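Step one of this worksheet: look at the structure below.
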Amino acid sequence: MTVVIGFEGSANKIGIGIIRDGEVLSNPRRTYITPPGQGFLPSDTARHHRAVILTVLKEALEQAGLKPADIDCVAYTKGPGMGAPLVTVALVARTVSQLWGKPLLGVNHCIGHIEMGRLITKANNPTVLYVSGGNTQVIAYSERRYRIFGETIDIAVGNCLDRFARVIKISNDPSPGYNIEQMAKKGSQYVELPYTVKGMDVSFSGILSYIEDAAHKMLSSGQCTAEDLCFSLQETLFSMLVEITERAMAHCGSQEVLIVGGVGCNLRLQEMMGVMCKERGAKLFATDERFCIDNGAMIAQAGWEMFRSGQVTELKDSWITQRYRTDEVEVTWRD
């Protein structure tokens, strides 16, 4: 049996999870929440992580009923993400690895999401839509790499939603995306927004600029409600994502779609993707907020796969990087 502990803290979530041969033993998490209308700055987020990380570590071990001696490997998020929070988590993981005398493993955050999704849903070889606050990619596995078939050419879909939430002062608790999703359910009027798909890629910055500029005018003149804008933004963004996912499926001859990343828990996105999959006779796989939102168990699971295939990270190589593409990693654990 192989037991791996995973440390995740690339953005405003700090999570530590423990995996034993595909079983999630513990997965506690904390979120840094800012007031409405504000985002989270790297230095403030890192300060939050530093304040709670040892408490979360203690919780992870207690919930799993394990001692440090029971751990076989310490995995941490190497990147991509925000610099200061990544450094905070890497420092703790490095220290723990040395104190406990355990091997260390730097994990690609995106691959953590994919491997957790595969573990939980039992999807075999899906086309992956990875959607979060920092990333938007359509991915498929081929020849020891997770290949990126399409991606955003500017900002991520989650970033677009978060920044729109700031414009109309939607609460960040539990997350701006969740609150937009709830408001969108009450929207009834569709407001036409720019729709920007460029081949396999998407662009969200133009939509954001348009809706930032138009929101207050439309709301103050009574043309539509805030709920209508939330509904319209979701419908437009998610239609673009479904389109490029379907194109990647056709290209790969795939009959499975796996949605991962924080935006992946949005039930409207899952519903729209489900309609497309049904029309193609394909299967849709998705996880709930325990595993699609950043968490430690996903880093532990990717670390488990990497460790079992013979990978370790030497101390001198245990740095972090804010830019770390999904297709840079050699996938040694899949055929």
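Positions of Cβ are set from backbone N, Cα and C atoms, glycine also.
When Cβ atoms from all protein chains are considered, those within 10 Å of TYR130 (divalent metal cation binding site) total 26, not counting its own. TrEMBL lists HIS109, HIS113, TYR130, ASP294 with the feature divalent metal cation binding site.
For GLY177 (substrate binding site), the number of other Cβ atoms no farther than 10 Å from its own Cβ, over all displayed protein chains, is 26. Annotation comment: TrEMBL describes TYR130, VAL131, SER132, GLY133, GLY134, ASP162, GLY177, GLU181, ASN266 as substrate binding site.
Positions annotated as domain 'Gcp-like' by TrEMBL: 29-300.
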Can you name every residue in this chain, apart from HIS109, HIS113, TYR130, ASP294, with its Cβ inside 8 Å of the center of the Cβ atoms of the recorded divalent metal cation site?
SER10, CYS110, GLY112, ILE114, SER132, ASN135, VAL260, GLY261, GLY262, MET298
When the pLDDT values for the domain 'Gcp-like' (29-300) are averaged, what is the result?
97
HIS113 (divalent metal cation binding site) to SER132 (substrate binding site) - Cα separation in whole Å:
10
In the structure shown, which of the binding-site residues HIS109, HIS113 has the fewest Cβ neighbours within 10 Å?
HIS109
All-chain count of other Cβ atoms within 10 Å of SER132 (substrate binding site):
25
Would you count the other C-beta atoms found within 10 angstroms of the C-beta of GLY134 (substrate binding site) for me?
19
